[in-house]
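Chemist: Taken from Swiss-Prot, the feature disulfide bond covers 9-24, 12-51, 14-22, 31-38, 40-48.
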């Protein structure tokens with residue numbers, strides 16, 4: 001389905017770098033199986049939000 005756009009990790013953390021980098025803190029320390037990469041939002045504080053195949 002279209003879950004890939006929202007699928008991410010159990011816990012996502014954004015670094016304080018500029019631009020912020022999304023770090024996946026998962027049981028397996030990887031992103032969701034449907035997801036190759038996550039990005040941080042431009043909000044403050046940044047949040048891991050989007051996932052891409």
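Every residue, even glycine, has its Cβ placed from backbone N, Cα and C.
For each feature listed, report its degree of burial, its nearest neighbours and the pertinent distances within the displayed model.
Modeler: Summarising the environment of residue 12 (disulfide bond), the number of other Cβ atoms within 10 Å of its Cβ, over all protein chains shown, is 19.
Secondary structure at residue 22 (disulfide bond), as computed by DSSP, is strand.
Taken residue by residue with DSSP, residue 38 (disulfide bond) is part of a strand.
A 10 Å cutoff on Cβ-Cβ distances gives residue 40 (disulfide bond) a total of 21 other Cβ atoms nearby, all chains included.
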Chemist: Between residue 40 (disulfide bond) and residue 14 (disulfide bond), how far is it from one CA atom to the other, in Å?
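Modeler: Here the two Cα atoms are 6 Å apart.
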